[in-house]
Amino acid sequence: MTEPSLPRVGTGVDVHPFEQGRECWVACLLWPGETGLAGHSDGDVASHAACDALLTASGIGDLGAVFGTGRPEWSGASGAALLGETARLLAEGGWLIGNVAVQVVGNRPRMAARRVEAQEAMSAALGAPVNLSATTTDGLGLTGRGEGLAAIATALVTRV
């Protein structure tokens with residue numbers, strides 16, 4: 001049976017705790033003066049959630065399977081590098097990326113002033129449109145207490 005060429009949607013989530021002494025990379029941008037995020041790579045929750053959503057939508061796998069701690073070659077990798085490799089994997093698998101929407105959840109860094117710059121950086125790294133928004137949890141949970149940062153992403157892909 002031939003699979004219909006309908007669009008597919010994937011969701012991705014990523015959460016990292018803050019870690020003193022690390023640079024803060026979120027949405028492919030360096031945030032000077034902000035505490036960095038712990039992680040196997042750069043801790044860029046926005047890029048990681050976007051990759052996870054794309055990998056899920058395409059059925060290739062998930063962030064942990066493709067870039068996880070069992071893959072030492074990705075240790076310390078940038079969110080931009082992960083987005084680029086994810087785009088390559090999808091293209092190799094016959095997928096076209098429609099777009100990705102990412103919402104960053106946390107108190108810091110404040111995304112509003114650099115939102116357009118972040119969208120442009122993520123879109124350039126991925127080679128497809130990325131839209132970004134941000135919110136807080138009004139003091140609730142680990143992001144509300146300022147212990148870390150989270151991101152949720154939705155991706156749309158279609159077969160080429």
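The chain as shown is numbered from 1 upward.
Yeah, the Cβs are placed from backbone N, Cα and C, and that goes for glycine too.
Residues or ranges marked as 4-CDP-2-C-methyl-D-erythritol 2-phosphate binding site in Swiss-Prot: Asp14, Val15, His16, His40, Ser41, Asp62, Leu63, Gly64, Thr135, Thr136, Thr137, Asp138, Arg145. Proximity of Leu63 (4-CDP-2-C-methyl-D-erythritol 2-phosphate binding site) to non-local residues of its own chain (separation of 6 or more, Cβ distance below 8 Å) is seen for Gly12, Asp14, His48, Cys51, Asp52, Leu55, given in sequence order.
Sequence-distant contacts of His16 (4-CDP-2-C-methyl-D-erythritol 2-phosphate binding site), defined as residues of its own chain at least six apart whose C-beta falls under 8 angstroms from its C-beta, comprise Leu37, Ala38, Gly39, Gly43, Val45, Gly148, Leu149. The feature divalent metal cation binding site is assigned by Swiss-Prot to Asp14, His16, His48.
Less than 8 angstroms from the CB of His40 (site 'Transition state stabilizer') sit Phe67, Gly68, Thr69, Trp74, Ser75, each of them six or more residues away in the same chain. Feature annotation from Swiss-Prot assigns site 'Transition state stabilizer' to His40 (among others).
In three-state terms derived from DSSP, Thr136 (site 'Transition state stabilizer') belongs to neither a helical nor a strand segment and is classed as coil. Positions annotated as site 'Transition state stabilizer' by Swiss-Prot, on the basis of sequence analysis: Thr136 (among others).
All chains included, 14 other C-beta atoms sit within 10 angstroms of the C-beta of Thr137 (4-CDP-2-C-methyl-D-erythritol 2-phosphate binding site). In this entry, Asp14, Val15, His16, His40, Ser41, Asp62, Leu63, Gly64, Thr135, Thr136, Thr137, Asp138, Arg145 make up the residues listed for 4-CDP-2-C-methyl-D-erythritol 2-phosphate, with the farthest two CA atoms of the set 30 Å from each other.
The Cβ neighbour count for Ser41 (4-CDP-2-C-methyl-D-erythritol 2-phosphate binding site), using a 10 Å radius over every protein chain in view, is 23. For the pair Thr136 (site 'Transition state stabilizer') and Ser41 (4-CDP-2-C-methyl-D-erythritol 2-phosphate binding site), the Cα-Cα distance reads 24 Å.
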